[in-house]
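Taken from Swiss-Prot, the feature compositional bias 'Low complexity' applies to 334-349. Feature annotation from Swiss-Prot assigns disulfide bond to C110-C187; the stated evidence is sequence analysis. Among the features that Swiss-Prot reports, N-linked glycosylation site is placed at N2, N15, with the record citing sequence analysis. Swiss-Prot lists K296 with the feature N6-(retinylidene)lysine, giving similarity to another entry as the kind of evidence. Residues or ranges marked as region 'Disordered' by Swiss-Prot: 329-349. Sequence annotations record features per position, and here Swiss-Prot assigns topological domain 'Extracellular' to 1-36, 100-113, 177-202, 277-284 based on sequence analysis. The topological domain 'Cytoplasmic' feature in Swiss-Prot is assigned to 62-73, 134-152, 231-252, 310-349.
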Amino acid sequence: MNGTEGNNFYVPLSNRTGLVRSPFEYPQYYLAEPWQFKLLAVYMFFLICLGLPINGLTLICTAQHKKLRQPLNFILVNLAVAGAIMVCFGFTVTFYTAINGYFALGPTGCAVEGFMATLGGEVALWSLVVLAIERYIVVCKPMGSFKFSSTHASAGIAFTWVMAMACAAPPLVGWSRYIPEGIQCSCGPDYYTLNPEYNNESYVLYMFICHFILPVTIIFFTYGRLVCTVKAAAAQQQDSASTQKAEREVTKMVILMVLGFLVAWTPYATVAAWIFFNKGAAFSAQFMAIPAFFSKTSALYNPVIYVLLNKQFRSCMLTTLFCGKNPLGDEESSTVSTSKTEVSSVSPA
């Protein structure tokens, strides 16, 4: 065995070294140099300083500007809420524990932090799925002239929270558990042990299939169809500047959406899968820590991709930041409704 399993923890170092101590009681400087913990604290502070204002500004703008409270924008607000949860309940805890060099909040704090971080991440993930389905329905029109209402948008948001809870809650009630991971400063599901008391294997398989593979499949299918539909419409209307513009905007958004998701979560999922299928194999604490902390950046660039590239949100944000005046002038605002109509009115060939 190349790791040490204890009460609610697993340290990726054999206790034959005599160095292993509980990550809830002692600094873990035998896993990584003290400067690495300080670097992690600086990194988390950076994410907090950027993530909280960006996500908070999205929520403030939506509250201030009535025109943003449209059904197709509800899911973007949900993304901001998910990002704020990750920042407030995940990043701040990791910042504190990194400064201390160990998970100083104990097993209960670990369970709460792991739950909130997983919940926020899963709400964001399923929000992307709902966003993909919404745009597929609006652009590809598989159900004909479907009017997307507030009821549909609210149902989509409720769905994201139900799916997120279905992933994040089981470890709190005995199906798997939340334990410190990486350099023991943040918590996540137990991919590491075969403890039959917690049925870790069945939970991890459920999580990978239902909360990673399934969402990825849906996202790729819906956006693949969306791009094909827009390209087909543009090919039939080659002289239409508006259709060409719609094609460019939608294609750019699709590429950024898919890349953003894969860049954030694929390294973490890949490493977790490797650890799960290679129980007992030797690996360093940094091997899991780096992708785990890198995935947290999704809370930062999600609003950049899904909100700041939305002309309507961008215009309102600038108006809010500059006390009611848009420094870019009226041109930015005037193109909002036109662009929205262009992308939404593309019909299948």
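For all residues, glycine too, the Cβ spot is worked out from N, Cα and C.
In three-state terms derived from DSSP, C110 (disulfide bond) belongs to a helical segment. Secondary structure from DSSP puts C187 (disulfide bond) in a beta strand. Each residue contributes its Cα atom, and for C110 (disulfide bond) and K296 (N6-(retinylidene)lysine) those atoms are 17 Å apart.
Of all Cβ atoms in the protein chains displayed, 34 besides its own lie within 10 Å of the Cβ of C187 (disulfide bond). Neighbours of C110 (disulfide bond), defined as other CB atoms within 10 A of its CB across all chains, total 26. When Cα-Cα distances from C187 (disulfide bond) are compared across the recorded positions N2, N15, K296, the shortest belongs to K296. Every protein chain shown contributes to the tally, and the Cβ of N2 (N-linked glycosylation site) ends up with 12 other Cβ atoms within 10 Å. Note on the recorded positions N15, K296: the fewest other CB atoms within 10 A surround the CB of N15.
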